[in-house]
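*Asks:* Take this structure first; my questions come after.
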Amino acid sequence: MSEALDKLEMEKEARKEAKELEGEAVKDANRIKRTLKRKKWVDWKEQDEKDAANGVKRAPFDPADRIKRKKSAILLSYCGANYYGMQRNPGMQTIEEELFKAMLKHKWITEDSFEQIQISCFQRAARTDKGVSAARQVCSVKLPEELDLEAFNADLPQQIRLFGVERVTKGFNAKDQCNARTYTYTLPTVAFASFEEKVDDVHDTFRISPELLQKVKETLKLYEGTKNFHNFTSKKSFLDPSSKRFIMSFTSSEPFRSPQDIEFVTLKVKGQSFMLHQIRKMVGLAIAIVRGNTTAATLERALTEERLDLPMAPGLGLVLDTVHYERYNDRYGKDGIHNPLTWQAQEAQVQEFIEREIFSQIYKTEAEQRNMLDWIGTLHYHSYDTRTEDAPPPPSSEGKKVKGGDDDNDE
C-alpha cells in the first residue's frame, strides 16, 4: 500500500515538475527570440560602410532562412561504438555533431541555430555516453514542414539513421514529456555460470539451464518498485531524494545464439529515469548473485543506508531501447492534429537497423575481445560489504580499450 502511495506521489510530483519545466522552456525560447531580434536592429548602411573599408562584403539574404519551422519530434537510431557520446562536445566526434551538420546542409536549421542549437529548441530525450547505442532515441527540434528523409540520411554516417519526424505541440520537450525509459543489456549467458566453474574454455559453448535462467529472472525482479539506489551510482547519499527511483519492470529474454554461435540473453529494464552507472551496477550485482559471488541479501542491504562495494558491468551491451510518451499520447495523440509518438510505421526499419548496426557490433566485439569473461574474473575482488573511503578500488577489466562506456546520465 505504501509503495502505491509513493508511486502516486512521485507521479504527481513528476507532473508538477514537467509543467514547470515546460513553462521555463517556453520562457527561455522567448528570451532567445528577443535577443536575436535585438541583434537584428543594426544600421546596415553604416555596418556595410565599415565592412567595405575592411574588404568584407555582407552575404546576400538567403530566403531559406525565412522558412517557417514548427516543433517536431524526430526518431533517431545510432551505434555509439565509435562516438564520444550523444551530446555535442567541441572537438569530439559525437552523434549530435553529425546530426547538426546534416541538418545545416539540408537547410533544416539556420547557421545561427547550428552555432547555438538552443535557438531551434533542440532537446534529446536521454543522454547516452561514450560507446552507448540507441535504438529509438527521440529529440525535439523546430524543423521545416517539407523534409526529404532519404536525402538527409544519405549525408549521415552509416551508424546513424533518422527514421521519422512527427509534428508535436508547441511546448513539447523530448526530455520533460518523457515519462519512462527502457534500456536493454545484451550479454553472453556464460556470465551466469557458477563462480566455481572454469569458464575460459566454455565461453563459446556454454548453454544456460532453465533453472539458472529462472534464478536470473527472480533476481532481476528484486529491483522492481520504488527503491533507494544510492549504492548504484556515484556521489549520492541515501538521504538525497533523487536517489529514489521507480523501476517498472526488469526482465530477461529467452536465450538465443549469435552468428558466432555464442549464447546470449537480453535483459530489459523500464523505469521513470536512471542515474549515472545505475543500470550497469544493477546488472553487475545481479550477475554476482546468480554466480554465487554473493547472495540476494547483499541486494537488500544495498537498498538501505549502508554504503556497499558493488561491481559495475561493462558498457558493451547497453542500449537505450525506447523512450515512452504515454501521458503525451493520451492527451494529444488522438486530437486529430498530432500523431501518438509510438513510431509503429517505422518499426520494421528500426528493427533491421538494430540487428545490422547495433547487435552485430555487440556480438562481434564479445566474440573477439571476451569483455564479459575478463570482467567476471574481477568479481571476487569485491567485498560486497560496507565500503571504506580509503579502500583501493578493485582491478578493472576495462583497463584495455573496450567499445562501451558510461550509460545513461542522471535525467
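Note that Cβ sites are derived from N, Cα and C of the backbone, with glycine treated the same way.
Unlike curated entries, TrEMBL annotations are predicted automatically.
Okay, so TrEMBL annotates it like this:
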type	residues	note
REGION	1-22	region 'Disordered'
ACT_SITE	Asp129	active site, nucleophile
BINDING	Tyr183	substrate binding site
DOMAIN	221-326	domain 'Pseudouridine synthase I TruA alpha/beta'
REGION	385-411	region 'Disordered'
COMPBIAS	398-411	compositional bias 'Basic and acidic residues'
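Burial and contacts for the listed features, if you can.
*Replies:* Same-chain residues lying 6 or more positions outside the region 'Disordered' (1-22) and placing a CB less than 8 Å from one of its CB atoms are 171, 173, 176-177, 179, 225-226, 244, 246, 272, 327.
The domain 'Pseudouridine synthase I TruA alpha/beta' (221-326) scores a mean pLDDT of 95 in the predicted structure.
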*Asks:* Please work out the number of neighbouring Cβ atoms within 10 Å of the Cβ of Tyr183 (substrate binding site), leaving out its own Cβ.
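*Replies:* For Tyr183 (substrate binding site), the count of other Cβ atoms within 10 Å is 26.
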*Asks:* Near Asp129 (active site, nucleophile), how many other Cβ atoms are within 10 Å of its Cβ?
*Replies:* 21
*Asks:* At the level of the C-alpha atoms, what whole-angstrom distance separates Tyr183 (substrate binding site) and Asp129 (active site, nucleophile)?
*Replies:* 14
